[in-house]
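Some features that TrEMBL has for this protein:
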| type | residues | note |
| --- | --- | --- |
| SIGNAL | 1-21 | signal peptide |
| TRANSMEM | 287-309 | transmembrane segment |
| TRANSMEM | 361-381 | transmembrane segment |
| TRANSMEM | 387-411 | transmembrane segment |
| TRANSMEM | 423-448 | transmembrane segment |
| TRANSMEM | 460-482 | transmembrane segment |
| TRANSMEM | 510-536 | transmembrane segment |
| TRANSMEM | 542-565 | transmembrane segment |
| TRANSMEM | 577-597 | transmembrane segment |
| TRANSMEM | 617-643 | transmembrane segment |
Amino acid sequence: MMPTINWAFLLLVLFARSCYGFYLPGSYMHTYSTGNHIFAKVNSLTSIETELPFGYYSLPYCTPKGGVKKSAENLGELLMGDQIDNSPYRFRINVNEAVYLCTTPPLSEHEVKLLKQRTRDLYQVNMILDNLPVMRYAKQNGINIQWTGYPVGITPQNSNDDYIINHLKFQVWVHEYEGRGVEIIGTGEEGMGVISEADKKKASGYEIVGFEVVPCSVKYDPEVMTKFHMYDNISAVSCPLDLDKSQIIREQERVSFTYEVKFVKSEVRWPSRWDAYLKMEGARVHWFSILNSLMVIFFLAGIVFVIFLRTVRRDLTRYEELDKEAQAQMNEELSGWKLVVGDVFREPEFSKLLCMMVGDGVQITGMAVVTIVFAALGFMSPASRGMLLTGMIILYLFLGIAAGYVAVRLWRTIKGTSEGWRSVCWSVACFFPGIVFVILTVLNFLLWGSHSTGAIPISLYFVLFLLWFCISVPLTLLGGFFGTRAEAIQYPVRTNQIPREIPARKYPSWLLVLGAGTLPFGTLFIELFFILSSIWLGRFYYVFGFLLIVLLLLVIVSAEVSVVLTYMHLCVEDWQWWWKAFFASGSVALYVFLYSINYLVFDLRSLSGPLSALLYLGYSLLMAIAIMLSTGTIGFLVSFYFVHYLFSSVKID
């Protein structure tokens with residue numbers, strides 16, 4: 001045993017010596033020496049008014065000397081409409097300077113129209129330096145508001161003129177870092193790094209820990225400015241308060257672009273540099289709202305659970321305490337759920353569709369739980385753009401094996417045979433991805449028509465199709481094969497040949513089913529507000545710990561609501577519980593979609609145009625369908641096992 005440990009220790013030491021560093025997924029630390037050059041990058045132009053991203057170079061901005069080059073983008077970035085390009089903005093570490101970039105040719109009619117439209121639609125330029133988005137502070141109603149990015153232009157009140165932002169005053173915060181041998185340099189949002197002794201000198205230098213901008217519009221004399229070359233130093237300028245000294249947007253105007261850089265030393269360490277971005281406005285309200293929601297849900301769920309347990313236990317105890325003669329007499333006078341013993345496991349209508357939806361629900365639920373757990377543990381960094389969406393897609397593809405297994409096993413239980421399991425697997429593999437494909441294709445045609453970078457390129461469609469066909473489909477079929485080999489679930493009672501008539505009710509049972517969704521929605525709606533704000537108002541969402549708690553509560557409440565409604569239906573001799581158990585918890589999706597419409601009307605009043613509203617509603621519908629499949633599956637599976645347990649506890653001939 002000891003030689004094995006020694007060899008393992010030796011291999012570990014050799015591995016450590018041969019490595020310069022190890023980093024978890026995410027951006028790792030860069031250190032720079034004084035005078036080092038670093039170039040900023042630019043992402044797509046975005047607006048909270050239209051939600052249509054456009055390329056930075058769709059406007060007449062200065063281009064880099066070597067031409068525009070796209071940065072490598074992951075799957076999530078492409079789907080989110082990110083288009084990261086290089087830019088001419090050059091920074092020399094610890095060198096404060098004012099720099100000239102370029103002067104445009106006279107603006108054409110098309111360019112003026114485009115600049116005015118982007119200015120009026122409140123488009124923001126999203127610049128990135130050392131993987132940090134640029135941040136600016138603005139005063140609104142006497143309150144300091146933090147924004148990422150800066151506007152394309154400004155439109156003064158009561159004016160038809162627009163002015164372009166052509167001078168940027170950057171402030172870069174740097175932290176002086178000194179290598180001290182082997183040291184953990186960060187376990188925060190951007191991963192963990194270890195620097196070895198051999199890399200000590202290389203690691204020493206300056207870390208970029210903050211990136212701020214003050215945008216200005218400055219009118220220059222083009223005859224004077226064209227004498228300069230790119231990166232020539234110029235005199236520093238102040239942001240003009242007089243509109244006559246600002247650069248107006250109109251035809252035949254030549255716009256000169258300049259910028260200033262000021263480096264400021266900071267005590268903020270590199271692992272904490274994202275803290276300024278992740279501070280959510282109204283944090284106290286967020287905390288109290290979440291805690292209030294949790295308390296209410298725990299209280300309601302506790303009441304429901306206690307009442308339910310006492311009721312069922314009383315029924316079972318009374319029945320089991322009777323002797324055989326009394327049981328025989330009681331069987332003749334049975335009422336409630338015991339009367340449907342011969343029909344409770346009768347095959348439901350559209351049983352194949354139910355198996356498909358439950359299979360896809362398992363896949364979506366598994367993807368959501370694993371993604372949120374990893375995000376709560378800090379593996380999904382905001383510095384790794386698109387990582388969250390990429391991780392979700394990969395998890396969904398590989399969880400096809402679970403979807404196939406559950407769907408086929410449920411199919412075998414309902415039908416009593418494995419015949420047709422391949423058809424079920426193909427249906428599971430195509431059902432939800434097919435819905436996503438149809439909705440995204442319709443939205444994509446709208447985006448293509450507006451020439452937005454948010455449109456998914458044809459090549460990406462093929463990539464997604466290949467991923468689905470080569471990973472998800474085979475794994476779903478493999479899961480289905482395992483489902484045919486698993487032990488079949490045996491019903492505890494026999495099903496009668498002739499279906500029992502369901503007594504007439506004063507009100508339709510679906511009304512109760514739809515009303516049941518309000519309780520799960522109570523756990524979700526506050527967090528839903530913050531999620532929608534982060535998606536549509538460009539805010540960072542990084543409270544995944546709260547989201548994990550809300551998800552767990554949603555699972556518990558969905559299960560309890562579905563079980564209680566199933567029991568209520570059985571008590572009134574309604575044996576058609578299968579679909580009602582699914583939609584009792586799945587009906588929360590209806591309230592989620594209605595809340596999304598409410599959010600559009602009252603919170604996204606700045607959203608302009610029918611195209612933007614259609615995009616919003618399309619994505620909201622997709623989210624609601626995913627929530628319906630997930631919560632419906634949770635409710636159905638728990639109800640199935642409850643009914644199985646309930647009727648296996650009682651012997652009725």
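Keep in mind that glycine also has a Cβ here, set from the backbone N, Cα and C atoms.
Residues 25-26, 74-76, 79-80, 351-352, 354-356, 358-360, 362-364, 366-367, 370-371, 374-375, 380-381, 418, 420-421, 424-425, 428-429, 467-468, 471-484, 486, 488-489 of the same chain sit 6 or more residues outside the transmembrane segment (387-411) yet have a Cβ under 8 Å from a Cβ within it. If you count C-beta pairs under 8 angstroms between the transmembrane segment (510-536) and each of 423-448, 542-565, 577-597, the highest count goes to 577-597. Under 8 Å from some Cβ of the transmembrane segment (423-448) lie the Cβ atoms of residues 52, 352, 355-357, 359-360, 363-364, 400, 403-404, 407-408, 411, 454-456, 468, 472-473, 476-477, 479-480, 611, 614-615, 618-619, 621-622, 625-626, 629, all in the same chain and six or more residues away from its ends.
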